[in-house]
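Chemist: Here's a structure for you.
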Amino acid sequence: MELPGSLCKKAKLGHGAQSWGMQRATNVTYQAHHVSRNKRGQVVGTRGGFRGCTVWLTGLSGAGKTTVSMALGEHLVCHGIPCYTLDGDNIRQGLNKNLGFSPEDREENVRRIAEVAKLFADAGLVCITSFISPYTQDRNNARQIHEGASLPFFEVFVDAPLHVCEQRDVKGLYKKARAGEIKGFTGIDSEYEKPEAPELVLKTDACDVNDCVQQVVELLQERDIVPVDASYEVKELYVPENKLHLAKTDAESLPALQINKVDMQWVQVLAEGWATPLGGFMREREYLQCLHFDCLLDGGVINLSVPIVLTATEEDKERLDGCTAFALIYEGRRVAILRNPEFFEHRKEERCARQWGTTCKSHPYIKMVMEQGDWLIGGDLQVLDRIYWNDGLDQYRLTPTELKQKFKDMNADAVFAFQLRNPVHNGHALLMQDTHRQLLERGYRRPVLLLHPLGGWTKDDDVPLMWRMKQHAAVLEEGILNPESTVVAIFPSPMMYAGPTGVQWHCRARMVAGANFYIVGRDPAGMPHPETGKDLYKPTHGAKVLTMAPGLITLEIVPFRVAAYNKRKKRMDYYDAEHHEDFEFISGTRMRRLAREGQKPPEGFMAPTAWAVLAEYYKALEKA
């Protein structure tokens with residue numbers, strides 16, 4: 001917000017045009033654009049359509065205008081809506097640096113801002129302005145400037161009582177005004193004229209910033225500026241409670257398809273909304289979009305890089321083709337209904353070549369694909385009950401909706417996610433600690449870490465989930481990561497080891513759960529080639545692909561340099577090629593060997609109690 005007072009206050013001269021000592025140009029002609037607004041709207045943003053308008057936030061200093069405007073801008077951009085925020089403090093450092101706070105200066109301040117906002121809106125952006133703009137006539141003039149250009153203008157009164165604004169008083173301006181050090185301070189000795197008929201009133205003393213943003217978004221949706229699907233909620237596929245009895249009765253009478261554990265894990269992924277906006281297993285159109293473009297394209301560009309499919313044998317197809325619905329059975333229990341099924345050919349070699357970049361049958365997930373049925377089945381999924389595995393870890397299996405609520409309860413203003421399938425060593429911790437530090441430096445006050453181990457199928461030589469969770473708990477107990485600002489939860493997806501293709505899936509799933517930032521390190525979702533032993537994917541490509549991937553617009557990728565053990569400093573550190581001799585790369589193979597043999601890793605590699613958990617697992621494995 002702009003400084004709302006001045007040590008030198010001029011007499012109010014009214015709201016007429018000011019000469020400002022400048023000669024008015026008369027030899028100018030308005031030049032019409034060759035590009036129409038509709039045509040411009042087709043290429044601005046990721047969703048198409050002209051959305052130009054101005055959202056004019058007005059209110060007292062400390063009411064929350066800047067906070068709401070910045071959060072609104074972030075929300076819109078994250079959902080593919082182009083926008084720009086004009087803030088009072090920022091404008092007064094450049095365009096309006098020659099203006100003070102007298103009534104006539106305020107009038108000119110608002111006029112210039114309105115003209116600039118009109119240009120942004122005409123360019124197809126949602127322009128958000130954050131200014132005290134205390135006078136009704138000045139705000140009305142701003143509206144007329146937009147209406148004269150046939151551009152929507154939404155006045156939003158950010159309403160907080162004066163005593164609340166004084167309590168907030170981050171800059172200490174109210175205190176100075178009360179002491180007489182600032183004259184003409186709005187709300188103290190200069191009048192603020194409340195809007196008489198704003199499009200929206202935000203009560204910031206009663207609503208948090210997310211609620212305020214949602215109210216503005218709903219206004220923009222009502223006025224057809226923002227499409228409704230631009231802010232879709234998590235799409236869960238559980239049958240509503242009031243329809244559950246009927247659905248279960250229906251499921252008992254339907255023909256059925258047996259599914260395995262990995263299928264069931266994908267059912268959970270879909271049911272909990274991780275693959276939003278999918279309404280079930282992919283139909284052929286969705287499958288082809290995913291396979292060829294790594295995205296869903298109907299309703300906007302939505303990143304979804306891995307096929308989420310259900311397979312069937314030739315016998316299953318002959319039995320079920322033509323049915324309008326059938327039940328899915330897992331371990332003797334009917335867990336879901338697939339309605340309006342669509343059968344299409346499972347071209348396994350083509351799928352593997354595109355998803356993994358190899359058809360090597362020794363790759364563990366490719367091996368599973370090659371052994372699956374020759375048909376894929378898409379359809380609308382209705383899951384009957386919440387899925388529990390009864391392994392002592394269900395309390396960590398938080399859905400995207402539950403995670404969002406958890407972050408809200410923690411008053412998080414930034415959520416950064418870290419996906420892992422291995423035990424946490426201090427190199428991982430370095431990435432997470434550094435991200436937390438960077439976010440604080442960028443002005444976030446309560447960044448929260450989502451430590452999100454993968455909980456679905458993994459290959460045989462990976463550490464089982466139960467032991468990984470014990471190890472993660474030890475890392476938190478030792479204070480390597482801050483338990484007060486960390487949420488540990490389990491991501492239910494199977495692990496596909498698909499490198500840059502797979503890491504896009506990992507990233508977008510955390511996006512659905514409310515993450516704003518995603519940490520990516522070396523060789524994410526990669527593995528050695530099962531036959532040559534060399535890296536199947538170039539270790540740097542995962543991070544590079546994420547920074548370019550379409551449809552990952554609601555979060556920011558945080559790529560990091562490689563972390564390795566610094567022998568001189570005796571701790572994990574970022575690798576420096578100029579001091580290569582100081583560094584040691586401790587591979588997973590070596591780590592497992594040390595643990596199996598009861599040896600300790602180098603000092604500073606991993607928290608001691610966390611290493612003890614790992615050693616205990618490998619000892620138990622030796623005895624098995």
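Every residue gets a Cβ built from N, Cα and C, even glycine.
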Chemist: To which of LYS171, LYS203 does Swiss-Prot also attribute binding of adenosine 5'-phosphosulfate at the site defined by ASP89, ASN90, ILE91, ARG92, PHE101, ARG106, GLU107, GLU108, ASN109, ILE132, SER133, GLY184, PHE185?
Modeler: LYS171
Chemist: GLN419, LEU420, ARG421, ASN422, GLY521, ARG522, ASP523, PRO524, ALA525 show up in Swiss-Prot as binding ATP 2; which entry in ALA473, ALA474, ALA563 does that record put in the same site?
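Modeler: The one candidate that Swiss-Prot places in that ATP 2 site: ALA563.
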Chemist: Counting Cβ atoms within 10 Å of each candidate's own Cβ, which of the binding-site residues ALA63, CYS212 comes out highest?
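Modeler: Answer returned by the neighbour count: ALA63.
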Chemist: In whole Å, note down how far the CA of GLY64 (ATP 1 binding site) lies from the CA of GLY521 (ATP 2 binding site).
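Modeler: Approximately 37 Å lies between the Cα of GLY521 (ATP 2 binding site) and that of GLY64 (ATP 1 binding site).
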Chemist: Would you mind ranking the binding-site residues LYS65, ARG421 by how many other Cβ atoms sit within 10 Å of each Cβ and giving me the lowest?
Modeler: ARG421
Chemist: When DSSP is mapped onto helix/strand/coil, what comes out for GLN419 (ATP 2 binding site)?
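Modeler: In the DSSP reduction, GLN419 (ATP 2 binding site) maps to strand.
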Chemist: Using only the Cα atoms of GLN419, LEU420, ARG421, ASN422, GLY521, ARG522, ASP523, PRO524, ALA525, ALA563, which the record gives as binding ATP 2, return the largest interatomic distance in Å, rounded to a whole number.
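Modeler: Spelled out: the longest distance between any two Cα atoms in GLN419, LEU420, ARG421, ASN422, GLY521, ARG522, ASP523, PRO524, ALA525, ALA563 is 17 Å.
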Chemist: Identify which of the binding-site residues THR67, ASN109, GLN419 has its Cβ surrounded by the largest number of other Cβ atoms within 10 Å, counting every protein chain shown.
Modeler: GLN419
Chemist: Measure between the Cα atoms of every pair in GLY62, ALA63, GLY64, LYS65, THR66, THR67, CYS207, CYS212, the residues the record assigns to ATP 1, and report the largest value in Å, rounded to a whole number.
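Modeler: Answer in Å: the longest Cα-Cα distance is 15.
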